[in-house]
Ligand code: SF4
């Protein structure tokens, strides 16, 4: 399968009746691996400062299911969440994987990176001699990886971990590493966005990215563009309270400046998404989430302005509007 067809399938097929967007991903990967005698995508997954929501979302992947992803798509070499090994054994596995697959593995980072007090607010491993902080691990593994994927909004941009007053001085991975970081943002991420990105890396290398370094095939358009309530917005019919059928811009929806394909990809095995479930989009994929979206139920012009002038506004984001 050519890259264009793969991208088309990832982008468009969720609009089909069966919603089996990524059903084709695994078949494509298997064909590719067979024809090239290629292995799975080697992955080292580091969880740092976050709520663990992205690994839970990942476990909810369907078409392919989690077991199929692990057996057919990625070789999960290290994960402080999913692996059975603990303590020194786990650290040995990490060192061995990083050494043997130098320049070949994909580094997935889930969570923000605390910088204050030498990063001591997130320690990945402790030995008799030292504490290995999230920042230490990133500066060690980042230059050795073939690709770096920031999974979730905390890893991508700081997210909730870096929300005001950001007591731990948390930042996104891009602020620690001087190299390209592929941001797969979301709080949590839709499993399709993550699994689709991993498949793209294995099949074709890095995907086309938007101005926030997110794969354009998932984040290229705003939520507002495909929202089921868009006709109400265009006609100026706005909800007065939750539960009303009209557009929820009046109730704080930030869909017009949020890049994501939630309206047609949907969540939980492609069943539903916030606006369809009668709650406004809170812009969880945005660069300034959550501060730029709060208070969540206040309309856009009155939401909190960015605290510092230098903080980038989410409206800079890479999604195409309308
Ligand atoms: S403002 Fe929100 S609810 Fe209204 S059309 Fe846009 S995305 Fe949908």
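Using the three backbone atoms N, Cα and C, a Cβ is placed for every residue, glycine included.
Here TrEMBL flags 154, 187 as [4Fe-4S] cluster 1 binding site. Feature annotation from TrEMBL assigns [4Fe-4S] cluster 2 binding site to 224, 227, 247, 253. What TrEMBL records for 262, 281, 284 is [3Fe-4S] cluster binding site. Annotation comment: TrEMBL describes 55-201 as domain 'NADH:ubiquinone oxidoreductase-like 20kDa subunit'. Summarising the annotation, TrEMBL assigns domain 'Cytochrome-c3 hydrogenase C-terminal' to 219-296. Residues annotated as region 'Disordered' in TrEMBL: 292-322.
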Check: ligand 1: which of the binding-site residues 154, 187, 253, 262, 284 have a Cβ closer than 6 angstroms to it?
Finding: 253
Note to self: What whole-number Å value do you get for the CA-CA distance of residue 281 ([3Fe-4S] cluster binding site) and residue 253 ([4Fe-4S] cluster 2 binding site)?
What the structure shows: 5
Notebook entry, point to check: Could you give the number of helix, strand and coil residues in the domain 'NADH:ubiquinone oxidoreductase-like 20kDa subunit' (55-201) as assigned by DSSP?
Noted result: 65 helix, 31 strand, 51 coil
Next item on the list: Write out, in the order they occur in the sequence, the residues of the chain not among 224, 227, 247, 253 that have a C-beta within 8 Å of the mean position of the C-beta atoms of the recorded [4Fe-4S] cluster 2 site.
Entry: 223, 229, 230, 233, 248, 249, 255, 256, 275, 280, 281
Check: With DSSP, how much of the domain 'Cytochrome-c3 hydrogenase C-terminal' (219-296) is helix, how much strand and how much coil, in residues?
Finding: 28 helix, 7 strand, 43 coil
Next item on the list: Whole-number Å only: compute the distance from the Cα of residue 284 ([3Fe-4S] cluster binding site) to the Cα of residue 247 ([4Fe-4S] cluster 2 binding site).
Entry: 19
Next item on the list: Give me the Cα-Cα distance between residue 227 ([4Fe-4S] cluster 2 binding site) and residue 262 ([3Fe-4S] cluster binding site), rounded to a whole Å.
Entry: 8
Check: Hey, of the binding-site residues listed (154, 227, 247), which one tops the CB count within 10 A?
Finding: 154
